[in-house]
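Chemist: The structure under discussion is supplied below as structure tokens; questions concerning it will follow.
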Amino acid sequence: MASSSLSVVLLILCLLAASASGQRLSPTFYSRSCPRALATIKAAVTAAVAQEARMGASLLRLHFHDCFVQGCDASVLLNDTASFTGEQGAGPNAGSIRGFAVVDNIKAQVEAVCPQTVSCADILAVAARDSVVALGGPSWRVLLGRRDSTTASLSQANSDLPAPSLDLANLTAAFAKKGLSRTDLVALSGAHTIGLSQCKNFRAHIYNDTNVNAAFATLRKASCPAAAGNGDGNLAPLDTTTATAFDNAYYTNLLAQSGLLHSDQQLFNGGATDGLVRTYASTPTRFSRDFAAAMIGMGNISPLTGSQGQIRLSCSKVN
């Protein structure tokens with residue numbers, strides 16, 4: 001019964017999001033033009049995550065890093081060329097985003113069943129959902145009908161992707177700039193229940209901040225030396241408890257002052273989001289519901305539709 005109610009709520013949210021944006025996105029966009037699209041994407045994602053659990057977090061991150069720059073238009077997938085500068089070399093992306101070969105494989109499989117029909121932007125949105133499901137998280141109906149950009153913005157990737165050093169006020173502002181609420185911020189941050197982060201992103205937090213569990217800091221320092229430039233790329237799980245399971249452990253970690261990033265722990269640091277963190281830590285169904293709703297909202301950031309953009313033949317380059 002609870003699952004049925006959740007489905008109804010998410011369907012209503014889908015419809016409201018589409019209506020509010022004025023976009024023609026629909027969960028049934030490919031039902032006639034490419035009825036095998038969703039099953040093809042799901043099978044490829046499930047196989048990739050089974051082979052490497054971390055890939056689920058990587059595909060989810062690609063969608064997030066895509067939507068926060070120019071909207072959800074697959075601009076993040078465009079490679080640099082002699083005459084084109086993409087977003088992959090931006091500070092927040094370099095050494096962080098991965099999974100491009102998996103996306104290329106998914107695109108090739110989709111092209112085989114429906115040539116030049118399904119956009120790379122939609123593949124990212126569906127792959128993000130399927131990755132969460134593959135790791136035990138909630139599902140939602142993805143709005144579809146996005147088209148792919150012919151441009152990218154290195155400058156916007158550097159300015160608009162939230163840095164791990166941000167405090168709560170600046171995190172809230174970064175999400176508000178994209179039309180996302182404080183609840184969306186806290187819920188979407190729960191994506192850090194999976195995945196890894198580089199030492200350079202959490203070094204300052206574990207060595208300099210005071211709102212860190214001492215035992216947790218000691219654990220992380222073992223693989224993240226204090227000196228900048230030393231072990232910068234060493235990886236640590238964003239969620240030490242259940243690193244490859246999509247659950248609400250991220251929030252229980254925050255209650256114990258064991259958030260890996262400065263920006264993580266800012267969500268539970270005596271501020272306006274403390275109550276929501278407590279709620280998500282104690283009520284996993286509420287987190288699942290809010291996360292699914294927030295993903296629908298994020299996926300509706302400035303999509304290209306209709307005759308805008310293009311349907312790329314290869315996700316890494318414009319046609």
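Cβ coordinates come from backbone N, Cα and C, glycine included.
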Chemist: Disulfide partner of Cys120 per TrEMBL: which of Cys14, Cys315?
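Modeler: Going by TrEMBL, Cys120 is disulfide-bonded to Cys315.
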Chemist: TrEMBL pairs Cys114 with one of Cys34, Cys67, Cys72 in a disulfide bond, so which one is it?
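Modeler: In TrEMBL, Cys114 forms its disulfide bond with Cys34.
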Chemist: To the nearest Å, how far is the Cα of Cys315 (disulfide bond) from the Cα of Ser75 (Ca(2+) 1 binding site)?
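Modeler: Ser75 (Ca(2+) 1 binding site) has its Cα 9 Å from the Cα of Cys315 (disulfide bond).
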Chemist: So which recorded positions out of Cys34, Cys114, Cys199, Cys224, Thr242 end up within 10 angstroms of His65 (active site, proton acceptor), measuring C-alpha to C-alpha?
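Modeler: Among Cys34, Cys114, Cys199, Cys224, Thr242, not one has a Cα sitting within 10 Å of that of His65 (active site, proton acceptor).
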Chemist: Between Ser75, Thr193, Thr242, which of the binding-site residues has its C-beta surrounded by the fewest other C-beta atoms within 10 Å?
Modeler: Thr242
Chemist: Please name which of the recorded positions listed here, Cys120, His192, Cys199, Asp247, is nearest in space to Val69 (Ca(2+) 1 binding site), Cα against Cα.
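Modeler: Considering only the listed recorded positions, the nearest one is Cys120.
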Chemist: Report the mean pLDDT of the predicted model across the domain 'Plant heme peroxidase family profile' (24-319), rounded to a whole number.
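Modeler: Over the domain 'Plant heme peroxidase family profile' (24-319), the predicted model scores a mean pLDDT of 97.
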Chemist: Given the recorded positions Arg61, Gly71, Cys120, His192, which lie close to Asp239 (Ca(2+) 2 binding site), meaning Cα to Cα within 10 A?
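Modeler: Neighbours among recorded positions, in sequence order: His192.
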